[in-house]
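What follows is a short report on a single structure.
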Amino acid sequence: MKGVRKPYDNSYTLSFLLVFFVLILFCPAFSINTLSSTESLRISSNRTLVSPGNNFELGFFRTNSSSRWYLGIWYKKLLDRTYVWVANRDNPLSNAIGTLKISGNNLVLLGHTNKSVWSTNLTRGNERLPVVAELLSNGNFVMRDSSNNDASEYLWQSFDYPTDTLLPEMKLGYDLKTGLNRFLTSWRSSDDPSSGDFSYKLETRSLPEFYLWHGIFPMHRSGPWNGVRFSGIPEDQKLSYMVYNFTENSEEVAYTFRMTNNSIYSRLTLSSEGYFQRLTWNPSIGIWNRFWSSPVDPQCDTYIMCGPYAYCGVNTSPVCNCIQGFNPRNIQQWDQRVWAGGCIRRTRLSCSGDGFTRMKNMKLPETTMAIVDRSIGVKECEKRCLSDCNCTAFANADIRNGGTGCVIWTGRLDDMRNYVAHGQDLYVRLAVADLV
């Protein structure tokens, strides 16, 4: 009958509305993670890129005490906003006018005068192929050819240019093919993302290890990678939801970690106060748990605290101790707890009749001048050390499977300390008269 609404019309309308609202609530189509060459991000539009899985978000932000604007990446799901990457940290936008776009096959951030304040600075042979910028599920912001998803052929990626944070799957260290050195630089302060005073960099001479720098001065040394952890960070214990890896080959020397449970957020960060630390999110109370922080001890973790041929022990008084068979170089200064001069041998080495003292649970000495041979074990390492009159100490390069590889020191021994547990065995060469 004309003008009479049939009962199933209402049912159909209600069903349609229900489906519509469900789509609004749960459909991920509203979270866009790509930027094409015809699009842009503007501060005024309040648009952001959101990674698949909604873990990370890229957009513009300003800190609590500043009117300056930055382009950055943060955790999407956390109410306590935590920034993991900042593009223009040392060249902020002075006001709320800023645009991110693709121009000339480069990502470019423009200010209010349309002048570039940050760019990927790429030079490409073929500029005819369209490019796209994409925020990946792991927080990596990449630029690639629009038809090529191969990670090995990204034109540019934020993971190659970290700020103060190392995320899972990021690499810290050298790409030997390109010469790129990936390192961390702290924020100026907790509310200022500009480059701070501290940096954390890999030193690749001999046996690779990381150094914490305060400007041009080394403050702490990680110790070399021993197959499980860095020998100077014994607090970094194996976790069930995380896998660590250190790669050293002809193409790269780099540290990375990955999560076996991607629902857990964990990161390494260099704080504005100069602490390198492992932080993992605790969702039940909404804070970042600090698993460890390095340096831990203000004395024993300080670079070359005790001078050559001496080691630092937190359970001894004073904390600096000469190695067995050594005496303080300047006993008066030593008694005044001025330890920079270190220690000297009691008895000169004879070369042919020397032996070794075993020091347990040690942070290995600085390795920049050490000799490494990963093909031999500890017994052969001892023989090789004894056959070299310049050898002063030796140790395993890898502590797994009972110990493998050989590290030999032929100069002075610097920056050592001992631990209650999880250190390494170090064998120091002594004259027979000094062996106990």
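Quick reminder: no glycine exception, Cβ is built from N, Cα and C everywhere.
Note that this is a predicted model, so its numbers are computed, not measured.
Pulled from Swiss-Prot, these are the features on record:
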SIGNAL    1-31  signal peptide
DOMAIN    34-156  domain 'Bulb-type lectin'
CARBOHYD  Asn46  N-linked glycosylation site
CARBOHYD  Asn64  N-linked glycosylation site
CARBOHYD  Asn114  N-linked glycosylation site
CARBOHYD  Asn121  N-linked glycosylation site
CARBOHYD  Asn245  N-linked glycosylation site
CARBOHYD  Asn261  N-linked glycosylation site
DOMAIN    351-431  domain 'PAN'
DISULFID  Cys381-Cys406  disulfide bond
DISULFID  Cys389-Cys391  disulfide bond
CARBOHYD  Asn390  N-linked glycosylation site
Spatial neighbours of Cys391 (disulfide bond) that are distant in sequence (at least 6 apart) but have CB under 8 A
Arg384, Cys385, Ile408, Trp409, Thr410, Arg429
Determine the most Cβ-crowded residue among the disulfide-bonded residues Cys381, Cys389, Cys406, using a 10 Å radius around each Cβ and all protein chains in the structure.
Cys406
Per DSSP, to which secondary structure element type does Cys381 (disulfide bond) belong, with helix, strand and coil as the options?
helix
On the DSSP side of things, how many residues of the domain 'PAN' (351-431) fall into helix, strand and coil, could you say?
12 helix, 31 strand, 38 coil
Pop the mean pLDDT for the domain 'Bulb-type lectin' (34-156) in here, whole number is fine.
93
Would you kindly give the Cα-Cα distance separating Cys389 (disulfide bond) and Asn245 (N-linked glycosylation site), rounded to the nearest Å?
35
The rounded CA-CA distance in Å from Cys381 (disulfide bond) to Asn121 (N-linked glycosylation site) is 48
